[in-house]
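Trainee: To start, I am sharing the structure in question, which I have written as structure tokens.
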Number of protein chains: 2
Amino acid sequence: MELLKQRILKDGTEIGTEVVKVDSFLNHQLDIGLFMALGKEIHRRFGHLGINKILTIEASGIGIAAITAIYFDLVPVVFAKKAQPNTMTEEFYGAPVKSFTKGTVSIARVSKNYLNANDKVLIIDDFLAHGEAAAGLANLVEQAGGTVCGIAAIIEKEFQGGSKKLRDAGYLVDSLAVITKVEDGKIYFKD
Amino acid sequence: MELLKQRILKDGTEIGTEVVKVDSFLNHQLDIGLFMALGKEIHRRFGHLGINKILTIEASGIGIAAITAIYFDLVPVVFAKKAQPNTMTEEFYGAPVKSFTKGTVSIARVSKNYLNANDKVLIIDDFLAHGEAAAGLANLVEQAGGTVCGIAAIIEKEFQGGSKKLRDAGYLVDSLAVITKVEDGKIYFKD
């Protein structure tokens, strides 16, 4: 998505070889006009799949998921909560999610009230890197007997292998901007 | 706001004397159609104040803040992050926020890049109880030299005193549903 690539090139900061910081528009300050364009594009790519629920994980997926739901006829949005492993209870589906940047493991949790066997779910996250969060969310949907119709990421760092791993597991994955490498402070996109 | 009161009465669950659980539509599963009605109502109440930024706190304020920004001509939304007290750095404004339900103190943090002296800020949160989160967010705006134009809550638990405390401190506070008491499993609203 050209608009997004240009925005990343213009406003992405503190670029290392592994990290691209986009907190001026995507995950700390949110550009809602941009989010509307992103939501519309996600609908263009996934709108034919009969999706009836959007699932994301706190915190930075929530804004984009909420705006995107407008373009999916206002389907419910559910966000998984991140908890310490010891706070699991029977009323939740839980899946471990490793954070490579933080070096921690948390449990993504969704109440059993909000995922079920009739759900045709679109998973949305802001970043797709190693694919841990998306795989954990897919696990939650499947525990409930629901169907993962697709995984949409705003920015994918393809070189960290998450999309390949998820596709190998049979998921439909599509990202609005795919970064193939970051070298000498320059970002390279797919296409 | 009658629509919201009716929804709380219909879908609010696990009601004690202090807690009303609304996670089926407000803070775990999100009803985006309802959020659009709430955002429009917040604009009706605060739209004349020249607001140019919306500030909230992760995680459950983000969805309603993002949707509400649509009705405020797409002003930027900033969400404060909750961090442990020891992770403060120079590049952030930080304010302590006590959680009465969890019995913990966290630091609400916003990058200095995203709050400044020209900001006319609307603070939005899902719940207003003791007022700790809203007071912390107001503190962040003021550290940056900006102006707090108003504080909008979706559900206020008036009996926990937060709105009185914030009004006594000079803030404009307005909540879409004001609960005056919860007794024998029944919710009483103002008006």
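Cβ from N, Cα, C; glycine included.
Any TrEMBL annotation is an automated prediction that lacks curation.
Checked TrEMBL, it gives:
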{"type": "BINDING", "residues": "A:Asn27, A:Lys157", "note": "xanthine binding site"}
{"type": "BINDING", "residues": "A:Ala129, A:His130, A:Gly131, A:Glu132, A:Ala133", "note": "5-phospho-alpha-D-ribose 1-diphosphate binding site"}
{"type": "DOMAIN", "residues": "A:36-158", "note": "domain 'Phosphoribosyltransferase'"}
Trainee: Once A:Ala129, A:His130, A:Gly131, A:Glu132, A:Ala133 are set aside, which residues in the chain still have Cβ within 8 Å of the Cβ centroid of the 5-phospho-alpha-D-ribose 1-diphosphate site?
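Mentor: Same chain, not in A:Ala129, A:His130, A:Gly131, A:Glu132, A:Ala133, Cβ within 8 Å: A:Val97, A:Lys98, A:Phe100, A:Leu128, A:Ala134, A:Ala135, A:Gln160, A:Gly162.
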Trainee: For each of A:His130, A:Lys157, count the other CB atoms within 10 A of its CB; which of these binding-site residues has the top count?
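Mentor: That would be A:Lys157, with the highest Cβ count within 10 Å.
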Trainee: Under DSSP, the domain 'Phosphoribosyltransferase' (A:36-158) has how many residues in helix, strand and coil?
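Mentor: Each residue of the domain 'Phosphoribosyltransferase' (A:36-158) counted once, the result is 41 helix, 48 strand, 34 coil.
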Trainee: With every protein chain in view, how many other Cβ atoms are within 10 Å of the Cβ of A:Gly131 (5-phospho-alpha-D-ribose 1-diphosphate binding site)?
Mentor: 24
Trainee: Just to be sure I understand the packing, how many Cβ atoms besides its own are within 10 Å of the Cβ of A:Asn27 (xanthine binding site)?
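Mentor: Result for A:Asn27 (xanthine binding site): 20 other Cβ atoms within 10 Å.
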Trainee: Please give me the CB contact count at 10 A for A:Ala129 (5-phospho-alpha-D-ribose 1-diphosphate binding site), counting all chains in the structure.
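Mentor: Summing over all protein chains shown, A:Ala129 (5-phospho-alpha-D-ribose 1-diphosphate binding site) has 24 other Cβ atoms within 10 Å.
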Trainee: Do you know the mean pLDDT across the domain 'Phosphoribosyltransferase' (A:36-158)?
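Mentor: Averaged over the domain 'Phosphoribosyltransferase' (A:36-158), the predicted model reaches a pLDDT of 94.
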Trainee: Could you tell me which of these binding-site residues, A:Glu132, A:Ala133, has the greatest number of Cβ atoms within 10 Å of its own Cβ?
Mentor: A:Ala133
Trainee: What is the interatomic distance between the Cα atoms of A:Lys157 (xanthine binding site) and A:His130 (5-phospho-alpha-D-ribose 1-diphosphate binding site), given in whole Å?
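Mentor: About 8 Å separates the two Cα atoms.
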Trainee: Can you give me the Cα-Cα distance between A:Glu132 (5-phospho-alpha-D-ribose 1-diphosphate binding site) and A:Asn27 (xanthine binding site) in Å, rounded to a whole number?
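Mentor: That comes out at 18 Å between the alpha carbons.
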Trainee: Taking DSSP three-state, what's A:Asn27 (xanthine binding site) in: helix, strand or coil?
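Mentor: Where A:Asn27 (xanthine binding site) sits, the three-state DSSP reduction gives coil.
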Trainee: I'm trying to understand the geometry here, so how far is the Cα atom of A:Asn27 (xanthine binding site) from the Cα atom of A:Ala129 (5-phospho-alpha-D-ribose 1-diphosphate binding site), in Å to the nearest whole number?
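Mentor: Spelling it out, the Cα of A:Asn27 (xanthine binding site) and the Cα of A:Ala129 (5-phospho-alpha-D-ribose 1-diphosphate binding site) are 15 Å apart.
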